[in-house]
Amino acid sequence: MLLKIYLKELKDCFRDRRTLFLTVLLPIVMMTGLTFFYEQLVSGDEGETYTLAVDQSFGKEEEKILAGFDNIDIVKSSDPEKTLEDGDAAAALVLSPDFISKIESGQEASVTMVGDSFSQKSSNLMSLVSNALSIYEKTVISERLQAQGTDLKLIQPFTIDQKEMSEEDPNINLIAMLIPLILSIAIGIGAGPAASDLFAGEKERKTMEALLMTPVKRPTLLFAKWLTIATIGAVTGIITLIVVAIEINLLTENLRKAVSFGDNAGLVIGFGVLVSVIYAMFTASLLMLTSVIGKTVKESQSYSTPIMMLAVFPTMITTGIGVNELSFQHFAIPVLNLFSLLKELLFGVINYEHILITIASNLICMIIIFIIGRILFLKDKWVMN
Amino acid sequence: MIEINEVTKQFQDKKKFVTALKHVSFSVNKGEVVGLLGENGAGKTTLLRTIATLLQPTDGTVTVSGYDTIKNPNEIKKRIGVLFGGETGLYDRLTARENLEYFAVLYGLSKHETKVRIDDLAKMFGMRDYLDRKVGGFSKGMRQKVSIARTLIHNPDIILFDEPTTGLDITSSNVFRQLVHQLKREGKTILFSSHIMEEVSMLCDSVAMMHKGELVYHGNLQELYQSEGSSDLNYIFMSKLVRGNENYAS
């Protein structure tokens, strides 16, 4: 009986164009958009050139300061700041008159840099020009000290050697933020309409009364409907993962380089799918509860929308945390544990204890929510309008 | 067949208790067609839902075919068909056949029984032409026929209709009336609520009149006409309500 009700509910849901759109098409569109956005973000300034406005007096000697920075194009102007304001340059560099000859003769000279820190392009250019000026400044200091016979080691007492603990590509952190975020949103959006329709919708259309009039036990109906919502959520989640895997592999360069699971690829993908299914089941329980409480589809959606919004917040917690810093609570709190576990998996870490904690905490919460739903569904007040 | 004994039903509305049924008692015999009359809020739907086991009485008992609604709801569900409204309880994205097959499964019919029953009902209601079309595109009349067929899919002995012709056009209402005649000939027990006095007059053997949750009259329709000296059910109903109001005030 359970299987027959479940199959009918699935057939009914997948005939709904809205469910089809949200389950299949939306994840594809969302993932494509975000994958390309992140790819562009990580490849960012590669090959990009910036225009720097300088004074007409900016000569060959001054240009040597910027030698080695091939991505800086110089444009001469009688009023560099005006050129910047007009949008013809990303930043302006104004040197005091006779800049090079003053430096060479040991006189005081000044540099003014003008830019727009709200513009990414302008900030990048100012950073490049600052670097160039720092290098030039160090060269001048070295030359002056050498001229006085001073050992250069005096101004460089030690060297700094910075090493990365993780050998992973830094872009993997972006993917570890992107995938759980989209996955949690996609599962919520995909399963939402079906959840609202299967309880609140049935109450609104009065098919619920017809169902309750049959000799089928209410818990059987409840479980079949929950299973339908969980299946739609899981299908949405798996489609999302497949789409992101295909797009990263075929359509990106930087993100593809970042994802490399080595010998663990099969296990990482397998656990990724498992945790998505578990999350879909947990979300289905929450959505089921909002739909049981709602008298109409609209009312049910007004309860479920804020709950689904909560799924966005864990990304703010896990983004700033390293994989080695993830602890028990990150895996014990539902929703947060989806982000934490996927982050670990994407970094190629398979920690069975963390996987078990994640599954157990989701199952416990799911059972509690399901019991509350069952109690409500057995009461007339919540099943009939 | 249906025994309603001192039934009281209270609902809790925030901190207040609202009494929807007050000590209602009457019975419906096998093969009888009984009309349930009353204004909006009189308690007709609550009573039908209580008989249908969807609601539990706060006090009193309801038995259907000898089974208590609280102790044996599933035995009752197997024996009754219920239609709330004229054209409700259908899944728009399924075809008429799929709707009927689904409810046949829920009532435990075998594949063969389901096929035979759907063929019979399709013939009875003239639904063959649109049996395999999705219900979402149906007219009110077509939906009503499928809804009634869904109610009768398990061939119940007792049928409850709650305002079955409300909002339906004259053709669809006539389909319902012909069906009640046919079911009556088959010996089915029918209890239906209605606002339409002509319909009740035309179809029923007995009437039960309700006012503010109380039963103000129950009896044979012909006897009622004789005792009131009129065959105008509308007039009789209004005068019963006025008397009910007077009793209520006193």
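Backbone N, Cα and C define each Cβ position, glycine as well.
If you look up TrEMBL, you'll see A:17-378 marked as domain 'ABC-2 type transporter transmembrane'.
According to TrEMBL, the feature transmembrane segment maps to A:20-38 (among others). Sequence-remote contacts of a segment are chain residues at least 6 beyond its ends whose Cβ falls under 8 Å from one of its Cβ atoms, and for the transmembrane segment (A:20-38) they are 14, 174-175, 178, 182, 185-186, 189-190, 192-193, 232, 235-236, 239-240, 243-244, 247-248, 251-252, 255.
Positions annotated as transmembrane segment by TrEMBL: A:174-200 (among others).
Counting residues 6+ beyond its ends, the transmembrane segment (A:221-246) has Cβ neighbours under 8 Å at 2, 5-6, 9-10, 13, 19, 22-24, 27-28, 30-32, 35, 178-179, 182-183, 186-191, 194-195, 198-199, 211-212, 269, 272-273, 276-277, 279-281, 283-285, 287-288, 370, 373-374, 377 in the same chain. Per TrEMBL, transmembrane segment is recorded for A:221-246 (among others).
The feature transmembrane segment is assigned by TrEMBL to A:266-289 (among others).
Positions annotated as transmembrane segment by TrEMBL: A:310-335 (among others). Within the chain carrying the transmembrane segment (A:310-335), a Cβ under 8 angstroms from the stretch's Cβ atoms is held by residues 165-166, 173, 176-177, 180-181, 184-185, 188, 279, 282-283, 341, 343-344, 347, 349, 354, 357-358, 361-362, 365, all 6 or more beyond its ends.
Residues annotated as transmembrane segment in TrEMBL: A:355-377 (among others). Through the fold, the transmembrane segment (A:355-377) approaches residues 218-219, 221-222, 226, 271, 274-275, 278-279, 281-282, 285-286, 288-289, 292-293, 328, 331-334, 337-338, 340-341, 383 of its own chain, all at least 6 residues removed from its boundaries and within a Cβ separation under 8 Å.
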Residues of the parent chain within Cβ reach of the transmembrane segment (A:174-200), under 8 Å, 6 or more residues beyond its termini: 9, 13, 16, 18-19, 22-23, 26-27, 30-31, 34-35, 38, 41-42, 208, 225, 228-230, 232-237, 239-241, 244, 248, 255, 258-259, 276, 279-280, 283-284, 287-288, 290-292, 294-297, 299-301, 304, 308, 311-312, 314-315, 318-319, 335, 338-339, 342-343, 346-347
Tertiary contacts of the transmembrane segment (A:266-289) (same chain, 6+ residues out, Cβ under 8 Å): 183-184, 187-188, 191-192, 195-196, 198-199, 222, 225-226, 229-230, 233-234, 236-238, 240-241, 245, 304, 307, 311, 334-335, 338, 341-342, 345-346, 348, 350, 355, 358-359, 362-363, 365-366, 369-370, 372-373, 376
